[in-house]
Amino acid sequence: MTKETDESIMVPAAVIKRLPKYHRYLEELLNEGREKISSQQLGEIVGVSAPQLRQDLNYFGNFGQQGYGYNVKKLYNSLAEVMGIQQKSNMVLVGVGNIGQALVNSRDFEKRGFYLSAIFDTNPKLIGLEINGLVVKDVVELKDYIAENDINIGVITVPASSAQEVANQMIKAGIKGIWNFSPVDLKTPPNIQVENEHLTEGLLRLSFKVKEE
């Protein structure tokens with residue numbers, strides 16, 4: 001997947017994947033009171049080469065000054081703007097099982113401007129239950145809720161057997177992006193952005209790396 005910044009520049013998926021990491025480390029530097037940093041220093045902290053770092057950032061603008069490096073706060077804010085996290089994004093979550101409840105209880109993503117507006121499930125034993133300030137709604141209300149509220153991201157934490165149907169409902173109601181924790185590759189239109197978090201696949205990749213050592 002690539003992201004288009006203007007009509008002529010396409011940003012590689014690998015660069016997009018590194019942006020949140022850059023942003024996270026810049027936040028740590030800000031919290032430490034750091035005002036400026038060189039590409040060499042930032043690259044060492046993040047774990048990429050200085051040329052790679054500069055190349056990644058150049059896709060989005062000229063942030064550094066020769067002989068000075070980067071202003072940490074300005075770069076942090078610029079990357080936040082690039083990733084669209086300075087604007088509030090409302091989300092709904094479907095599937096209040098173990099993973100779903102963990103996300104609802106943590107809600108660490110709210111620090112980045114992503115807010116859970118409502119949570120849904122099909123289990124009668126869960127519907128009506130309050131979890132971290134949100135009451136579990138019946139999934140039959142999903143489409144109307146999305147259509148009637150400013151919701152642009154859907155979070156799917158249901159079993160594989162029902163993930164596609166949930167995605168279909170979200171898309172029909174106007175969802176623009178899906179954060180998918182279900183162990184299935186969703187079939188979606190080209191204009192719908194999907195970010196998969198297939199947890200078992202990550203464990204298998206780790207197993208391969210450990211085996212190769």
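Cβ coordinates come from backbone N, Cα and C, glycine included.
Taken straight from TrEMBL:
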type     : residues                      : note
DNA_BIND : 21-60                         : DNA-binding region
BINDING  : G95, V96, G97, N98, I99, G100 : NAD(+) binding site
DOMAIN   : 85-185                        : domain 'CoA-binding'
Select one residue from V96, I99: among these binding-site residues, choose the one with the most other Cβ atoms within 10 Å of its Cβ. V96
On the 0 to 100 pLDDT scale, where does the DNA-binding region (21-60) sit on average? 93
Cβ within 8 Å of the NAD(+) site's Cβ centroid: which residues qualify beyond G95, V96, G97, N98, I99, G100? Q101, A102, L103, D121, T157, V158
Which Cβ among the binding-site residues (G95, G97, G100) has the fewest C-beta neighbours inside 10 Å? G97
Per DSSP, the DNA-binding region (21-60) contains 28 helix, 2 strand, 10 coil
What DSSP reports for the domain 'CoA-binding' (85-185) is 38 helix, 29 strand, 34 coil
One finds that other Cβ atoms within 10 Å of the Cβ of N98 (NAD(+) binding site) number exactly 9
